[in-house]
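Scroll down for the structure; my scribbles are underneath it.
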């Protein structure tokens, strides 16, 4: 049945739920590929703004149910497991997709626990008698990379036809799809492995450059040499620039999401019987950074603690990086709000 749906990709609107920086770019890329898009987010003003850019192809929906009724395929790009579960269950995504369409596909691009994906896959099957399918397709990309169609999706699903459909939908306009088989959680495991490596790269860059600086060696020059020779790759270059220059302006991936992802890594490791001692250190370091009010900065701000531990005053770098933040997310205000109110 989904084979016919693939052939009809261009004739049906696609739903996108979660119109943050990532979801906005997914929606725009789909429109550029010729699709009509129905969008929903709790920030309706932001959705209306995006829809106004191309009103003939993009519509602002009033609810999750409205999107699911109009679209047989829905992409979710949400911040965490709790929000994804709320959208699927409390807000009616699974129930509506199951009732409104003979065949439907939910593609989750969120970074969530593999256990969440496995549970949601079963929930889709149970609610629809097998006609509604779930595909995990977490995305590797910052918003600017996604806008340039340079994303990588680590995809898995219990249904091979649903994977083929999701690949045909995402790959032409958003980036490259890497299939990881029939375990609905496999794509999420792969994404957590990748984000863990990025987090530990930020940490190792921070410590190495703190060592260079403490010995009077220019930290930016060290980064330039290393990233043009033995560490000549995207992650070392991109985060090397941010760490070496202490440029942690928001706009890519927030530090609070780094804590969320490392926590997911450790939870998955615990349930899998895998020891990850670096993971425990990373979680402590992210927690310390959150306690200092740095949640709204880019997650590369994790690196600041290595400089602080070496006796370097990073207050000016923090002030400069926080310029674009609203007042309640600036480090001093965020730290005060966090004090005694961890959730």
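These residue numbers are counts, starting from 1, taken along the chain as shown.
Any Cβ shown, glycine's included, is placed from N, Cα and C.
As recorded in TrEMBL, the features of this protein are as follows:
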DOMAIN    14-140  domain '6-phosphogluconate dehydrogenase NADP-binding'
DOMAIN    185-303  domain '3-hydroxyisobutyrate dehydrogenase-like NAD-binding'
ACT_SITE  191  active site
REGION    323-343  region 'Disordered'
COMPBIAS  323-337  compositional bias 'Basic and acidic residues'
Worksheet item: Which sequence positions outside the region 'Disordered' (323-343), separated from its termini by at least 6 residues, show Cβ-Cβ distances below 8 Å to it?
Response: 249-251, 290-297
Worksheet item: Including all protein chains shown, what's the count of other C-beta atoms within 10 A of the C-beta of the residue listed as 'active site'?
Response: 26
Discussion item. Across the domain '3-hydroxyisobutyrate dehydrogenase-like NAD-binding' (185-303), what does the mean pLDDT come to, as a whole number?
Written reply: 97
